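Following: one structure in structure tokens, then a few remarks.
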Amino acid sequence: MIKVGKVFWISLFISAIFVLWGVIAPSNLELITSEVQSFLTSQFGWFYIVSVAIFLIFSIYLIFSRFGKMRLGKKEDKPEYNKITWFAMLFSAGMGIGIIFWGAAEPLAHFASPPEAEPESVDAAKNALRFSVFHWGLQTWGIYTVIALAIAYFKFRRGAPGLISSTFQPLLGEKTNGWIGNVIDIIAVFATIFGVATSLGLGASQISGGVSFVTDIENTFSTQLIIIVIVTVLFMFSAWSGISKGIKYLSNTNIILAVLLLGLTLILGPTTFILNTFISTLGDYVESFVSLSFQTGSFDDNFNGWVQQWTVFYWAWFIAWSPFVGTFIARISKGRTIREFVIGVLFIPTIFCALWFVVFGGSSLFQEINGINTGLTELAQEETLFGLFESFPYAPVLTIVAILLISTFFITSADSATFVLGMQTTNGSLNPPNKIKMIWGVIQAATASVLLASGGLGALQTASIVSAFPFAFILLFMIVSLVKALKEDYRKESNTKQ
């Protein structure tokens with residue numbers, strides 16, 4: 001019988017209070033959280049930018065360091081999943097709904113309102129794809145690499161519980177089992193809840209937008225709420241079936257549908273233009289990588305506002321996602337070397353994400369620039385993808401595949417999150433009770449619902465930015481703790497060989 005402790009009860013109580021606040025006073029919730037968001041982005045935007053740069057630099061360092069050959073587990077441990085399945089599972093958990101929602105919408109947004117070019121110009125189009133690839137590239141996966149590696153290392157090599165707090169044992173010792181450890185885990189739980197709620201809200205709004213494109217059903221909050229309820233039932237069933245059955249099969253389904261949709265869009269769209277644009281966009285990304293990584297727009301109010309709205313939001317969202325993504329990736333990465341792990345988590349998804357944004361974003365920009373479909377920039381962001389498909393052959397088929405893909409990503413993300421939240425609130429159990437997972441499933445759905453009701457996309461963005469701020473500090477100190485552990489264990493291995 002697995003017992004729940006203070007982390008579960010305190011997290012559940014505060015979560016319930018937040019949901020109740022959103023139900024009783026949604027306008028008040030929106031007002032207060034928006035003020036907090038405005039303060040954090042204006043005063044601490046630089047902190048999010050520097051933190052994410054540190055995560056990436058540390059990840060790349062590990063590839064070439066003496067620690068690269070060290071294994072996440074014992075010397076004889078082998079990976080639990082083959083590389084294709086492993087990639088599918090980490091990709092589904094780490095990106096999911098986000099790339100479907102923003103794949104066509106983000107480049108068009110930068111095209112219509114660029115930070116440093118004339119709106120809807122050729123330069124704006126080039127920058128739009130460069131900015132999009134930057135936001136979903138190496139920095140994003142650098143965040144996930146740090147936390148996933150730390151959790152996996154302490155879990156499989158040192159036998160510690162699979163908790164965020166356990167990664168601080170070299171720094172805090174036995175204090176990780178006390179109130180300090182509880183605070184760390186509670187912060188991680190809330191970052192996870194709000195990070196996932198952002199994705200679930202985006203998914204519900206986009207499914208609703210797709211349904212409204214092919215039927216007479218309007219894209220309203222009521223429709224989005226019904227979708228959240230239906231999908232919640234589905235992912236709770238998946239969570240009940242267990243990680244090996246539910247998440248593995250859904251992850252593989254996601255990749256199949258994603259590759260199918262990507263391939264159809266590439267073939268039916270401006271294929272040559274997309275391939276040429278992919279190569280040039282990668283070159284632009286590499287060329288401007290360092291300057292983009294540290295860009296704050298401090299001398300340009302327009303650019304500064306753009307950085308706060310886009311870059312800071314994304315870094316905060318991915319930091320908020322990281323406790324859930326990191327815990328899940330760690331769970332499926334036993335037996336891999338640190339070098340293999342970092343290369344896999346850092347580079348493979350980055351290339352796929354770049355291709356995704358160039359295919360869908362490039363197709364959207366091609367239609368706008370050539371006058372094929374000039375109304376795309378005027379659509380709501382959740383409807384942009386379906387507006388893109390309107391001018392394609394077999395548009396209804398593409399729309400149905402897209403809705404199915406969003407739905408399976410929705411289920412996978414929520415499914416994985418219920419497992420991770422259950423694990424984090426049952427002292428790191430690798431098999432949290434189904435009742436605990438069901439409770440967190442309901443909390444996730446309720447949180448996404450009240451955020452949509454209180455302010456739509458803006459409220460979802462606010463939740464991520466606010467919840468990520470304290471967790472960013474935890475990630476920075478996690479690096480210090482991990483380095484200390486790596487040095488200790490490397491020294492022991494070297495002495496043993498001698």
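Even glycines carry a Cβ here, placed using N, Cα and C.
Pulled from TrEMBL:
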{"type": "TRANSMEM", "residues": "7-24", "note": "transmembrane segment"}
{"type": "TRANSMEM", "residues": "44-64", "note": "transmembrane segment"}
{"type": "TRANSMEM", "residues": "84-105", "note": "transmembrane segment"}
{"type": "TRANSMEM", "residues": "136-156", "note": "transmembrane segment"}
{"type": "TRANSMEM", "residues": "177-201", "note": "transmembrane segment"}
{"type": "TRANSMEM", "residues": "221-243", "note": "transmembrane segment"}
{"type": "TRANSMEM", "residues": "255-279", "note": "transmembrane segment"}
{"type": "TRANSMEM", "residues": "312-329", "note": "transmembrane segment"}
{"type": "TRANSMEM", "residues": "341-360", "note": "transmembrane segment"}
{"type": "TRANSMEM", "residues": "394-417", "note": "transmembrane segment"}
{"type": "TRANSMEM", "residues": "438-457", "note": "transmembrane segment"}
{"type": "TRANSMEM", "residues": "463-483", "note": "transmembrane segment"}
Exercise. Does the chain bring the transmembrane segment (438-457) near the transmembrane segment (312-329), so that three or more CB pairs sit under 8 Å (pairs 6 or more apart in sequence)?
Worked result: no
For this session: For the transmembrane segment (177-201), find every same-chain residue at least 6 residues outside the stretch whose CB is under 8 Å from a CB in it, and list them.
Result: 5-7, 10-11, 14-15, 96-98, 163-166, 168, 224, 228, 317-324, 410, 413-414, 417, 420-421, 424-425, 440, 443-445, 447-448, 451-452, 456-457, 459-461, 463-464, 466-468, 470-471, 474
Exercise. By Cβ distance under 8 Å, which residues at least 6 away from the ends of the transmembrane segment (341-360) in the same chain are close to it?
Worked result: 59-60, 62-63, 68, 72, 83, 86-87, 90-91, 94-95, 99, 102-104, 106-107, 129, 132-133, 136-138, 140-142, 144-145, 148-149, 152, 258, 262, 265-266, 269, 274, 277-278, 281-282, 285, 329, 333, 385, 388
Problem set entry | Same-chain residue ranges lying at least 6 outside the transmembrane segment (44-64) that approach it to Cβ under 8 Å | 138-139, 141-143, 145-146, 149, 293-296, 304, 307-308, 311-312, 315-316, 318-319, 338-339, 342-343, 346, 468-469, 472, 475-476, 479
Exercise. If you count Cβ pairs under 8 Å, which stretch among 7-24, 312-329, 394-417 touches the transmembrane segment (136-156) the most?
Worked result: 312-329
Exercise. So what's near the transmembrane segment (312-329) in sequence-distant terms, Cβ-Cβ under 8 Å and 6+ beyond its ends?
Worked result: 41, 45, 48-49, 51-52, 89-90, 93-94, 98, 135-136, 139-140, 143-144, 146-148, 150-152, 162, 164, 188-189, 191-192, 194-196, 198-199, 345, 416-417, 419-421, 423-424, 461, 463-465, 467-469, 471-472, 475
